[in-house]
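So that you can see what the record holds, here are the features copied from TrEMBL:
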type	residues	note
TRANSMEM	26-50	transmembrane segment
DOMAIN	59-201	domain 'EXPERA'
TRANSMEM	62-83	transmembrane segment
TRANSMEM	122-140	transmembrane segment
TRANSMEM	147-170	transmembrane segment
TRANSMEM	182-205	transmembrane segment
Amino acid sequence: MDPSLVSQVHPYVPLDLHLPDYSPCLLSMSNILVVFAFSSLLIVSLIWVFSGGFKKSKVDRVLMCWWAFTGLTHMILEGYFVFSPEFFKDKSGFYLAEVWKEYSKGDSRYAGRDAGVVTVEGITAVLEGPASLLAVYAIATGKSYSYILQFAISLGQLYGTAVYYITAILEGDNFSSNTFYYYAYYIGANASWIVIPSIVAVRCWKKICAAFRPQGGQTKRPKTH
């Protein structure tokens with residue numbers, strides 16, 4: 001058999017997706033998830049302890065944890081994908097490459113470098129990632145722009161997720177290796193970036209509206225908690 005054909009055998013859909021020198025995953029799904037879960041828990045725990053010194057409400061402390069988690073996820077995980085177009089060739093078992101090899105079983109557009117996906121992920125990693133970390137600082141220090149910043153990032157996340165799914169539907173929505181990966185990765189792994197940004201956006205909208213609601217001829221100042 002031609003070695004060039006053997007190198008292109010992969011678990012993604014469509015089967016004829018051209019991935020020269022593809023290297024199979026070296027880490028199992030459970031290993032990848034354990035590392036991700038442990039890292040996420042560590043970040044959330046550190047921010048929760050750190051936020052305790054700012055005398056913030058529990059809601060604000062939870063939001064600080066969320067923004068730290070999502071910001072680092074955008075910058076590290078998604079940033080690696082954007083700037084590593086040949087991650088599927090990695091033979092070293094590098095964790096970030098393994099993450100995207102595994103996730104591509106749920107959406108092969110990642111392995112195939114779909115232009116729409118790369119664009120959405122690029123904007124998310126470069127703009128929304130740092131902005132999320134800025135939101136942590138804004139909440140901690142009670143900055144006046146805290147709510148509008150959180151509102152803007154949340155809308156950006158919702159918009160990006162909408163584009164992500166709509167483009168998939170318009171292209172046939174057939175990028176998952178099987179039903180399990182479709183619901184576990186393609187749907188489940190992205191659900192948090194629909195539910196949480198929606199809740200945060202509504203909360204911030206109410207806070208912003210309350211801040212500009214006239215009361216006795218004066219504008220009410222927004223609360224920092």
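Keep in mind that glycine also has a Cβ here, set from the backbone N, Cα and C atoms.
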Item to complete: Tell me, please, if the transmembrane segment (182-205) and the transmembrane segment (62-83) are in contact, taking contact as 3+ Cβ pairs under 8 Å between residues separated by 6 or more positions?
Response: yes
Item to complete: Would you mind giving the whole-number mean pLDDT across the domain 'EXPERA' (59-201)?
Response: 97
Response to the item:
Contact set of the transmembrane segment (26-50) with the rest of its chain, CB cutoff 8 A exclusive, min separation 6+ beyond the ends, reads 61, 64-65, 68-69, 72-73, 91, 93, 95, 98-99, 102, 136
Practice prompt. Report, as numbers and ranges, every residue of the chain located at least six residues beyond the transmembrane segment (62-83) whose Cβ falls under 8 Å of a Cβ in that stretch; write 'none' if there are none.
Written response: 40, 43-44, 47-48, 50-51, 56, 96-97, 99-100, 110, 118, 121-122, 124-126, 128-133, 135-136, 139-140, 150, 153, 157, 193, 196, 200
Response to the item:
Per DSSP, the domain 'EXPERA' (59-201) contains 112 helix, 0 strand, 31 coil
